[in-house]
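So the structure is just underneath, and the comments pick up after that.
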Amino acid sequence: MIIHNLGIKDYTEIWEQMKAFTAIRDSNSCDELWLLEHYPVYTQGQAGKPEHVLNPNSIKIVQSDRGGQVTYHGPGQLVAYVLMDIRRRNLGIRTLVAKLEEILISVLKHYKIPANIRSGAPGVYVGEKKIASIGLRVKNGCTYHGIALNVNMDLSPFLGINPCGFAKMEMTQMSHFHPNIQLEEVSQHFVQYFLTQFK
């Protein structure tokens, strides 16, 4: 597993790089984990509906090829893209999603934030509020896209959408529990737990 820390990046630029990486990889290619933040952007998944974008203001909307519906990415949110040959690892997509949820819950538990999952609604929640989203694409047995964990960000752009297609879905973030939390530190813990699941 090769890990890249990419800093803050434009969504479309990284999306194109993920597609290019996946298109040229073969059975000998190493899996990769890309860690980054995005400049403000709304992304529509393949199941996304235009009516779930309520008031985008000046924030760009990108129609993506990942699973799921609409979400928001912005600075202070940890994004981890999982470029993995799940066929080689003999992993189903549902198993991968479940493992990613486990990893996120472990990270949050480390900070004593009580997190849970919901049946039929991928992602991770604290009570009724969503703290992390998951959306993947599989092509030729290989995944791209991944997870987004709200660490210490401006959550107000989520009010301009129905997050993940759920009207009035409230969002939360780690800084509500730990005001001085740093994204870089959270990223390190995420990698640690990720590598316990995926060598």
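Glycine residues also receive a Cβ, built from the backbone N, Cα and C atoms like all the rest.
Here is what Swiss-Prot says about this protein:
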- 27-199: domain 'BPL/LPL catalytic' (DOMAIN)
- R66, G67, G68, Q69, V70, T71, Y72, H73, S133, I134, G135, G146, I147, A148: substrate binding site (BINDING)
- K130: site 'Lowers pKa of active site Cys' (SITE)
- C164: active site, acyl-thioester intermediate (ACT_SITE)
Cβ neighbour count (within 10 Å, all chains shown) around G135 (substrate binding site): 24
DSSP-derived class (H/G/I helix, E/B strand, else coil) of K130 (site 'Lowers pKa of active site Cys'): strand
Distance [Cα-Cα, Å, rounded] between Y72 (substrate binding site) and K130 (site 'Lowers pKa of active site Cys'): 12
Among R66, G67, G68, Q69, V70, T71, Y72, H73, S133, I134, G135, G146, I147, A148, the record's substrate binders - longest CA distance, Å: 15
Cβ neighbour count (within 10 Å, all chains shown) around I147 (substrate binding site): 24
C-beta crowding around G68 (substrate binding site), within 10 angstroms: 22
Secondary structure of I147 (substrate binding site) (DSSP, helix/strand/coil): strand
Long-range Cβ environment of R66 (substrate binding site), under 8 Å and at least 6 residues apart: T43, G45, Q46, G135, L136, R137, H145
Inter-residue C-alpha distance, G68 (substrate binding site) and K130 (site 'Lowers pKa of active site Cys') (nearest angstrom): 14
Secondary structure of Y72 (substrate binding site) (DSSP, helix/strand/coil): strand
